[in-house]
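A quick write-up on the structure given underneath.
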């Protein structure tokens, strides 16, 4: 057994509830600017959503498997990378897409749909790609997600704060005009403080072992962002949709990954560390990409 497999991170169910609340706050801030017409436009043209699902559940897991074969990390780290690739899009992608001047309604639709589809696709992809690698197959266990728990997560993390945010935006437009920017900044700041707190609580583990996974996560996340963008580009989608698909595929629900690791894999060290580091790094990379895009008009970007 790899030494990293013996590590157990400081992570508890209470932290997940706090994280869920913070993500809900972020979603509320994003939804203040949304209108029902935004979603009608997405439903009329489903092609971008289908391209997003293709990138999320077909291309990213396949490319992740090839990356594992190429860099040959320890089995637990490899399985963690495959688990991250099998997870649905993370909710922070909606904020980042909005910040990047991408199609926010498309991003929210893809996140909601990928979260629902993950009930089947997350265990399937993890079993498929993890089972094809002899080393990861030795530690792979069957993963089963509770459909009701997943539906509740979609409602609490997306449906409820989004509905409240849109209602507030419709009911109090003048207030929202003044408050929406401070709300977004505050929600992102609170989210950042939570991430820093989680990192501090496990600093000794990250300091000792993160060197094994930093490069792998850097490559993995970069591949995810590029996969989403070029899949959308080759499909002929406009720039706003490309940004949304790129961020959606590049921002994974690492919180869900950690839940699965602690519930089904006993907090396996390598899996937990690579997933936790992904949860930190994809915010850094996502904010970097979104900041660059925020300064470029999607109507004129090539």
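Heads up, residue numbers simply count up from 1 along the chain you see.
Using the three backbone atoms N, Cα and C, a Cβ is placed for every residue, glycine included.
Not measured: the values here are computed from a predicted model.
Over in TrEMBL, the protein carries these features:
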{"type": "TRANSMEM", "residues": "16-37", "note": "transmembrane segment"}
{"type": "TRANSMEM", "residues": "49-71", "note": "transmembrane segment"}
{"type": "TRANSMEM", "residues": "77-96", "note": "transmembrane segment"}
{"type": "TRANSMEM", "residues": "108-130", "note": "transmembrane segment"}
{"type": "TRANSMEM", "residues": "150-170", "note": "transmembrane segment"}
{"type": "TRANSMEM", "residues": "182-203", "note": "transmembrane segment"}
{"type": "TRANSMEM", "residues": "209-232", "note": "transmembrane segment"}
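When the stretches 16-37, 49-71, 108-130, 209-232 are ranked by Cβ pairs under 8 Å to the transmembrane segment (77-96), first place goes to 108-130. Counting Cβ pairs closer than 8 Å to the transmembrane segment (49-71), the top stretch among 16-37, 108-130, 209-232 is 209-232.
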